[in-house]
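As recorded in TrEMBL, the features of this protein are as follows:
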DOMAIN    88-513  domain 'Major facilitator superfamily (MFS) profile'
TRANSMEM  21-43  transmembrane segment
TRANSMEM  137-157  transmembrane segment
TRANSMEM  169-191  transmembrane segment
TRANSMEM  197-214  transmembrane segment
TRANSMEM  226-248  transmembrane segment
TRANSMEM  254-273  transmembrane segment
TRANSMEM  338-356  transmembrane segment
TRANSMEM  368-389  transmembrane segment
TRANSMEM  398-417  transmembrane segment
TRANSMEM  423-448  transmembrane segment
TRANSMEM  460-480  transmembrane segment
TRANSMEM  486-508  transmembrane segment
């Protein structure tokens with residue numbers, strides 16, 4: 001008997017599963033806060049050389065207003081200022097500001113540091129640590145460090161949770177996230193901030209993967225789609241609520257604490273969060289598995305016949321003392337083709353998703369509202385997926401989403417604007433269409449990955465696939481820089497890769513209403529081992 005048959009007996013999505021899945025969905029919102037916080041804590045406010053405390057008391061410019069002094073002192077380059085002695089001399093010997101500005105005065109670096117506008121942000125790491133001008137590379141470095149942390153978290157947590165279980169790794173990750181976020185909020189310089197930001201990326205990605213895998217393993221085949229997309233929708237809710245938190249707090253330290261301290265609440269999950277029964281069975285821990293199944297049956301108001309556990313124990317189990325590793329993902333041709341296809345699709349989805357987010361022109365309005373709208377756009381895509389995926393399957397919508405999104409990207413980049421505002425609006429709409437479809441495909445490929453990998457290597461597979469997505473995210477800035485060669489080139493590359501990945505997705509198995517594979521042998525393989 002398959003484990004999915006057991007779930008049908010005790011209830012595939014009863015009260016027991018609903019409560020646990022809701023608890024895991026709550027973490028998804030917190031995960032979004034940490035995944036996207038750099039938009040606000042790393043924002044660059046308007047800045048220029050600080051002209052405070054300039055010694056002008058004995059000169060003719062002593063009565064000039066602050067705005068006038070700024071015009072005198074600061075050129076178009078915000079990283080430079082006119083030499084103060086030249087400013088005083090030229091102004092004293094001239095008839096006004098216009099003649100002064102046309103004079104050939106020398107410029108210097110900002111000798112008094114920088115002034116930052118607080119109109120939109122009270123404080124960010126950019127203004128706190130002066131990450132501008134010759135130090136601006138630290139801002140992009142922090143993003144790279146964060147994505148590298150996400151990459152390491154995907155691989156590390158995938159391996160460890162398949163070896164030690166989903167439940168313990170959830171709490172290990174929560175502890176790391178709490179400590180790293182709290183220390184980062186108190187960082188006194190960028191050198192103290194970066195290691196903690198790396199750990200934040202590592203922890204939140206690892207926990208999210210564990211939560212996603214655990215939730216899909218809790219429910220029957222007909223509910224895996226709904227649960228998977230509910231987690232994604234809660235992620236979008238976190239996306240939107242982050243903008244509200246950032247708007248109210250404005251200071252990056254307070255925002256960092258606001259998204260980190262709620263992690264303490266997840267300590268209460270110790271009494272509610274179960275271990276994956278599928279994982280317990282794969283490790284021959286049948287008594288522990290039976291305890292969880294009996295509790296689930298009691299909560300759902302059903303019974304667990306002893307004969308069911310006996311039939312499970314008589315079925316296939318993991319070889320005793322067998323430890324699974326990354327190499328098991330490519331041990332057979334079938335597993336190798338499956339793993340490479342999933343990883344390529346994840347990489348492309350992340351690349352196109354984040355690429356479109358950074359390459360599309362900003363919506364009218366303030367950054368907080370724009371960010372909230374960007375998160376809201378994702379929810380309709382998820383709702384449509386919930387409605388249709390169980391009816392038409394996973395593979396066909398994945399292929400269509402990738403291909404249509406790719407075509408929209410290419411058209412958005414290549415349609416000539418020629419100053420026509422209507423055409424410009426059309427290109428923005430096409431880019432948003434591309435984002436809509438790539439959001440759908442990203443969620444679908446998440447679900448497909450959780451269903452095609454066997455239980456014994458599922459979290460390892462999810463971790464490696466997520467690592468591929470993190471690599472895609474790291475590549476985004478480089479791809480966007482290609483516009484210096486040809487302006488539409490980034491969007492053309494995004495679109496072409498999306499279409500390619502969509503075509504390759506035709507080779508993936510359909511998983512709708514199919515039992516999850518338990519062992520490597522459950523993946524059809526017509527070839528010998530590699």
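Cβ from N, Cα, C; glycine included.
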Cβ contacts the transmembrane segment (368-389)/the transmembrane segment (197-214), at least three under 8 Å, sequence gap 6 or more: no
Cβ-based contact of the transmembrane segment (21-43) with the transmembrane segment (460-480), 3 or more pairs under 8 Å: no
Stretch in 254-273, 398-417, 460-480 most in contact with the transmembrane segment (423-448), if contact is a CB pair under 8 A: 398-417
Intrachain neighbours beyond the transmembrane segment (169-191), with Cβ under 8 angstroms and 6 or more residues off its ends: 34, 125, 129, 131, 138, 142, 153, 157, 160-161, 197, 199-200, 202-204, 206-207, 210-211, 214, 253-254, 256-257, 259-261, 263-264, 266-267, 269-270, 273
The transmembrane segment (338-356) versus listed stretches 197-214, 254-273, 398-417, 460-480, 486-508: most Cβ pairs under 8 Å: 460-480
Recorded stretches the transmembrane segment (137-157) and the transmembrane segment (460-480) touching, at least 3 CB pairs under 8 Å: yes
Intrachain residues whose Cβ lies under 8 Å of the transmembrane segment (486-508), provided they are six or more past its termini: 337-338, 341-342, 344-345, 348-349, 351-352, 355-356, 359, 395, 398-403, 405-414, 431, 434, 438, 441, 445, 448, 452, 479-480
Beyond the flanks of the transmembrane segment (398-417) by 6 or more, those residues with Cβ under 8 Å of it: 345, 348-349, 352, 356, 423-424, 426-428, 430-431, 433-438, 440-441, 444-445, 448, 487-492, 494-499, 501-503, 505-506, 508
Chain residues outside the transmembrane segment (197-214) and at least six past its termini with a C-beta under 8 angstroms from it: 24, 27-28, 30-31, 34-35, 142, 145-150, 152-154, 156-158, 161, 166-167, 169-170, 173-174, 176-177, 179-181, 184, 228, 231, 273, 276, 446, 450, 458-459, 462-463, 466, 470
